[in-house]
């Protein structure tokens, strides 16, 4: 059993050493494209046209 543990330790040691010394690859941050122009415009005024179509009913 001791021989098996020793063999596992000897086999794992190079993997640990290589893992600690190797540089991890980091992907560069990609800058997102600017938003389309229509997103930057103010929202349309829908209430004014609807007020002409929909009006409160008159009380009789």
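A Cβ is built for glycine as well, from the same backbone N, Cα and C atoms used for every other residue.
According to Swiss-Prot, the S-diacylglycerol cysteine annotation covers 20.
The N-palmitoyl cysteine feature in Swiss-Prot is assigned to 20.
The annotation region 'Proline-rich' is assigned in Swiss-Prot to 32-44 on the grounds of experimental evidence. Same-chain neighbours of the region 'Proline-rich' (32-44): none, counting only residues six or more beyond its ends whose CB sits under 8 Å from a CB of the stretch.
The list of residues near the signal peptide (1-19) in space but at least 6 beyond its ends in sequence, with Cβ under 8 angstroms from a Cβ of it, is empty. Residues or ranges marked as signal peptide by Swiss-Prot: 1-19.
Annotation source Swiss-Prot lists topological domain 'Periplasmic' at 20-60, citing experimental evidence.
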With DSSP helix as H/G/I and strand as E/B, how many residues of the region 'Proline-rich' (32-44) fall in helix, strand and coil? 4 helix, 0 strand, 9 coil
